Amino acid sequence: MLSRLKTTWSLRPCVSACRWAHTKEKGKPLMLNPRTNKGMAFSLPERQILGIHGLLPPKVETQDIQAMRFQNNLKNMTDPLQKYIYLMGIQERNERLFYRVLMEDIEELMPIVYTPTVGLACTHYGHIFRRPKGLFISIRDKGHIRSILDNWPETNVAAVVVTDGERILGLGDLGVYGMGIPVGKLCLYTACAGIRPERCLPVAIDVGTNNQTLLQDPLYMGLYQERDRSQAYDDLIDEFMEAVVEKYGQDTLIQFEDFGNHNAFRFLRKYREKYCTFNDDIQGTAAVALAGLLAAQRALGKPITEHRVLFLGAGEGRLQETDSNQEAFLHDSPGTVESFLDAVNTIKPTAIIGVSGAGRLFTHDVIKSMGTLNERPIIFALSNPTNKAECTAEDAYTLTDGRCLFASGSPFGPVTLNGRIYTPGQGNNAYIFPGVALAVILSGVRHISDKVFLEAAKTLAEQLTDKELEEGRLYPPLSNIREVSIQMAVKVVEFVYANGMAFRYPEPTDKDSFVRATVWDTHYDSFEPDTYDWPGVSFSPKTDQK
């Protein structure tokens with residue numbers, strides 16, 4: 001890690017010489033603001049000018065040394081929840097250092113700030129609470145949402161991620177504890193796509209919870225009431241959407257996250273033509289699954305149109321014939337089917353995709369049957385977190401003699417079988433939503449078509465190399481996700497301008513340069529004032545006073 005750290009950063013120019021920032025804050029408040037705090041990296045002139053000299057130890061540190069300290073501390077921790085608490089603590093104190101550490105080791109730390117550990121953090125949210133993040137709006141605030149938005153300190157918000165906490169990953173109703181999800185998602189907006197953190201707003205809408213354990217927990221931090229499912233709930237969401245665009249503009253991106261399916265689908269239908277919005281659980285998951293199938297198509301040399309795909313669940317449990325959200329995808333009954341194994345043996349799919357959120361439903365018999373029916377079965381266990389996945393990578397590879405093409409929603413480590421190492425693909429929505437969000441924000445898209453997600457899926461699949469495909473991967477390594485997201489943003493920007501979906505003009509001629517020029521990085525700003533001499537004018541206090 002340290003050798004890579006030195007190699008990565010040794011060629012960086014002096015930040016104080018190339019980027020200057022003005023701040024009206026001085027003294028201790030400057031150090032308490034995570035956006036401006038640099039810790040011991042404040043230079044001596046900055047310390048003296050800003051009134052913080054003496055408030056820090058005398059050493060002036062580089063960000064490299066600061067990052068090394070935090071990375072060493074993380075290495076000494078074994079408990080994922082403790083790592084999460086520690087990382088979030090860095091974010092609360094020093095935002096740029098937090099993203100530096102996260103981006104330096106994104107493959108190792110994404111499972112901490114995102115799935116699966118973020119799910120564990122949400123279940124313990126009231127017990128590990130340190131400092132509030134994001135905006136909390138309750139059903140009791142109906143009629144006053146705009147004034148709540150006015151309390152948010154940032155005025156140039158471009159992206160909002162909102163949840164009502166009803167279906168947090170595969171964990172169910174966590175009420176206001178679901179705030180960890182918008183916070184985690186927006187961390188990836190910045191880490192993966194370089195969207196400026198001050199332009200991101202996480203929101204939790206609290207209308208109660210039906211989780212009786214939380215309602216009886218004295219440390220629960222939301223409303224102690226069961227979920228309001230009356231018209232007041234719909235009116236609250238309507239008011240929220242109207243207040244966001246009134247405050248921040250019509251092209252403000254609003255991402256819905258972890259709403260119950262019954263609300264997720266209808267809100268998507270209701271708002272998609274009125275606002276700049278998408279639902280990651282629906283469209284993001286579909287796009288990342290499609291990208292995996294397109295990659296499998298390359299591996300098998302068989303067109304995706306010739307595959308027979310069997311889904312288990314619809315994001316939360318069984319798919320019933322009466323589910324109106326899925327009517328367009330229903331097929332005639334294949335006959336008597338009492339179990340998923342019966343369905344596999346009857347329908348004979350080439351691919352099975354698990355989105356049930358119900359744990360190990362791809363049983364050994366199911367996996368063996370897929371291996372018998374197909375030379376190279378496609379097995380996607382996409383439910384989150386890890387303990388909700390339909391099967392493990394080890395079971396999938398072992399029970400198919402290493403022949404399967406496997407992907408999961410949460411990470412699984414490499415599997416060694418018969419002397420060969422298989423690297424399972426992670427069908428992580430983080431491959432999709434940051435790049436799409438960046439493109440949408442930059443191009444001024446007002447309504448996000450499903451075609452945007454189709455373009456994103458194709459772009460993701462194209463970025464997988466032949467070597468990575470041979471290793472068993474169906475997605476690029478997470479260590480490359482910043483470049484993957486930027487390239488996706490470039491392709492989507494090209495697509496929306498070509499198809500008349502963009503509203504920001506003039507249209508940039510070089511889309512790649514346009515996107516890359518906006519990407520936020522983790523260099524510290526210099527707070528030393530911009531000083532200069534006037535040409536031809538000299539001033540000597542001693543001489544002029546005589």
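Glycine residues also receive a Cβ, built from the backbone N, Cα and C atoms like all the rest.
Curation does not apply to TrEMBL; its annotations are automatic.
In TrEMBL this protein carries:
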- 91-272: domain 'Malic enzyme N-terminal' (DOMAIN)
- TYR114: active site, proton donor (ACT_SITE)
- ARG167, ASN384, ASN428: (S)-malate binding site (BINDING)
- LYS185: active site, proton acceptor (ACT_SITE)
- GLU257, ASP258, ASP281: divalent metal cation binding site (BINDING)
- 282-497: domain 'Malic enzyme NAD-binding' (DOMAIN)
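Structural mapping of features recorded in TrEMBL.
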{"residue": "TYR114", "record": "active site, proton donor", "Cβ contacts under 8 Å, 6 or more apart": "GLY184, LYS185, CYS187, LEU188, ASN428, ALA430"}
{"residue": "GLU257", "record": "divalent metal cation binding site", "Cβ contacts under 8 Å, 6 or more apart": "VAL161, VAL162, THR163, ILE181, PRO182, LYS185, ASN279, ASP280, ASP281"}
{"residue": "ASP258", "record": "divalent metal cation binding site", "Cβ contacts under 8 Å, 6 or more apart": "THR163, ASP164, GLY165, GLU166, ARG167, ILE168, LEU169, GLY178, ILE181, ASP281"}
{"residue": "ASN384", "record": "(S)-malate binding site", "Cβ contacts under 8 Å, 6 or more apart": "THR115, PRO116, GLY119, LEU169, GLY170, GLY357, GLY409, SER410"}
Problem set entry | recorded positions listed as ARG167, LYS185, least Cβ neighbours within 10 Å | ARG167
Problem set entry | Around the Cβ of ASN428 ((S)-malate binding site), the count of other Cβ atoms that are within 10 Å | 26
